[in-house]
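Participant: Next up is a structure, given as structure tokens.
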């Protein structure tokens, strides 16, 4: 087999997905975003499974990867809707932290060009309240950075889905030819 086969392309695509998911996982950990952390963890496991299935010619593992990519696309569409506040969702809720902390996206205060200033808390405010942090001068608002991350994940997953289906069909054809001989 040549290197430009669907199988080789799927291996490269899985490697890209792993890198992208690991990068996203790091920034979600920095922002204590527990729901995305859990999703990224599952995604990393299934992508490794798909990578293993592709390398070892195991179409059932690739099928698991294919089903997961459909779920992963759905999750990332939800993330986009969440940060763009579509359908009554609000990025200011604690939904991504499972309502156990007041943390938000790490990009909210550390985005490109953002200048973070801690303002003195008001007399009636609590010391650990995050409302006295002022962020100005951001080149790109944090919600758009999160949307870009999700859009990249969707793009990689869509291409991965197509290649995985192709590799599965080729594997099944090869199995059928081997059985008929």
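Just so you know, glycine gets a Cβ as well, placed from its N, Cα and C.
So TrEMBL has the following annotated:
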| type | residues | note |
| --- | --- | --- |
| SIGNAL | 1-21 | signal peptide |
| TRANSMEM | 34-55 | transmembrane segment |
| TRANSMEM | 62-86 | transmembrane segment |
| TRANSMEM | 151-172 | transmembrane segment |
Participant: Which residues of the chain, 6 or more past the ends of the signal peptide (1-21), have a CB below 8 A from one of its CBs?
Facilitator: 40, 43-44, 47-48, 50-51, 54-55, 62, 65, 152-153, 156-157, 159-160, 163-164, 166-167, 170
Participant: Apart from its near flanks, which chain residues at least 6 from the ends of the transmembrane segment (151-172) lie with a Cβ under 8 angstroms of it?
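Facilitator: Same-chain residues near the transmembrane segment (151-172) but 6 or more away: 6-7, 9-10, 13-14, 16-17, 20-21, 24, 50, 54, 57, 59, 62-63, 65-66, 69-70, 72-73, 76-77, 80.
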